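A.B. asks: What Swiss-Prot records for 1-189 is region 'CPSase'. Here Swiss-Prot flags S47, G241, G243, L270, Q273, N311, G313, F314 as L-glutamine binding site, drawing on sequence analysis. Look at Swiss-Prot and you will find 193-380 tagged as domain 'Glutamine amidotransferase type-1', backed by sequence analysis. Annotated active site, nucleophile per Swiss-Prot: C269, in sequence order. Under the heading active site, Swiss-Prot lists H353, E355, citing sequence analysis as support.
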Amino acid sequence: MIKSALLVLEDGTQFHGRAIGAEGLAVGEVVFNTSMTGYQEILTDPSYSRQIVTLTYPHIGNVGANANDEESPSVQAQGLVIRDLPLIASNYRSEESLSEYLKRNNIVAIADIDTRKLTRLLREKGAQNGCIIAGDAPDAVVALEKAKAFPGLKGMDLAKEVTTAESYSWLQGSWTLEGELPAAKNESELPYHVVAYDYGVKRNILRMLVDRGCRLTVVPAQTPAEDVLKLNPDGIFLSNGPGDPEPCDYAIRAIKTFLETGIPVFGICLGHQLLALASGAKTTKMKLGHHGGNHPVKDLDNNCVMITAQNHGFAVDEDNLPDTLRVTHKSLFDHTVQGIHRTDKPAFSFQGHPEASPGPHDAAPLFDHFIDLIQTYRSSAK
């Protein structure tokens, strides 16, 4: 039986459609993502915690869903907004339809609305709080009240909410078209020990580090630096994650300690912002944020352009950079800072997602730079 659904933004704009997920209510910051595919990876990206994701590509759900394409143990997005859900999901790897997947994970979603109109509204006014109600006779008054009551992501520390509860080891490399996910590698095949802070880490980041010879110990976001240093890591990885970086004082404090040791540090997304804050820079909330797999970024060191995957609502403020930081990458959309490198330490970071999943792989060599820093560090420590 087809159920109704309603999306109401905090400015009162209403979108009426049909429910394709669970019945109920979802409240969060409404953003749009321009990726043409990879909807399951987007939904399970912890960076989307407390956000309702609008996918601008009109046909979503064509290839169904499967367990291997998940980037975290559960769906992380608060809700989903799409234009059209195909009648049939067709792919040899599909285990269930997108609608079945959403219902099983208790995710509220709406289809059959004008996503072009919604996207243009968000582009002009900026990301807005919103509420989706799915079920019999959704109440617009209730939806508007819920949307207005949502506090927004500014000042919200979500890393400690989405992080792992316990440390764990990760030894699995990347998936290939030839088969299923590979078995975990032997530790003897992985010469570098990297501690990865989980602020909302995506699995493909871990896989790409393993591909480059790293055996990983993934630790909770609030793990003290002293506990990590006892593990004698060759490098420290700072993961992606949701929310505002400024309230994450525990992470900033730990990163400051690591910078004093000379251990190589590599940050992505939220980890990039945290490295900047630990180095004395500032961050700001963006009007729109960057969400999609087609964002051009200029590599200032090599004078080339990369097409990158992006997912962030905060940015490093270039006007407040200390002398110890230099800008390595800039967005060609809005000229915001996309990469930084310490001038005095083996530490660097990137705002986008070089692991893609979904998205292009132009920025994957950043992982290789991390390995180069690790090798230099190990050589100097002998």
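Cβ atoms are placed via backbone N, Cα and C, with glycine included.
Each of these features: where is it, how hidden is it, and who are its neighbours?
C.D. replies: The secondary structure of G243 (L-glutamine binding site), as reduced to three states from DSSP, is coil rather than helix or strand.
Counted within 10 Å of its Cβ, the other Cβ atoms near C269 (active site, nucleophile) come to 31, all protein chains included.
In sequence order, K202, I205, N240, I268, C269, T308, A309, Q310, N311, G359, A363 are the residues of the chain that are 6 or more apart from H353 (active site) and have a CB within less than 8 Å of its CB. Secondary structure at H353 (active site), as computed by DSSP, is coil.
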A.B. asks: Who sits close to S47 (L-glutamine binding site): which same-chain residues at least 6 apart have their Cβ under 8 Å from its Cβ?
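C.D. replies: Set apart from S47 (L-glutamine binding site) by at least 6 residues yet with Cβ under 8 Å, we have Q76, G200, K202, N240, G241, P242, C269, L270, N311, H312.
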A.B. asks: Looking only at S47, G241, G243, L270, Q273, N311, G313, F314, which the record lists for L-glutamine, tell me the maximum pairwise CA distance in angstrom.
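C.D. replies: This binding site's residues have a maximal Cα-Cα distance of 13 Å.
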A.B. asks: So around the L-glutamine site, S47, G241, G243, L270, Q273, N311, G313, F314 aside, which residues have their CB within 8 A of the centroid of those CB atoms?
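C.D. replies: Not counting the recorded site residues, we get G200, N240, P242, D244, P245, C269, H312.
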A.B. asks: To the nearest Å, how far is the Cα of E355 (active site) from the Cα of Q273 (L-glutamine binding site)?
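C.D. replies: Cα to Cα, E355 (active site) and Q273 (L-glutamine binding site) are separated by 17 Å.
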A.B. asks: Once near-sequence residues are set aside, which residues in the chain of F314 (L-glutamine binding site), 6 or more away, have Cβ atoms under 8 Å from its Cβ?
C.D. replies: D244, P245, Q273, T283, T284, K285, M286, G289
A.B. asks: Indicate the candidate from G241, G243, L270, G313 with the smallest number of other Cβ atoms within 10 Å of its Cβ, considering only these binding-site residues.
C.D. replies: G313
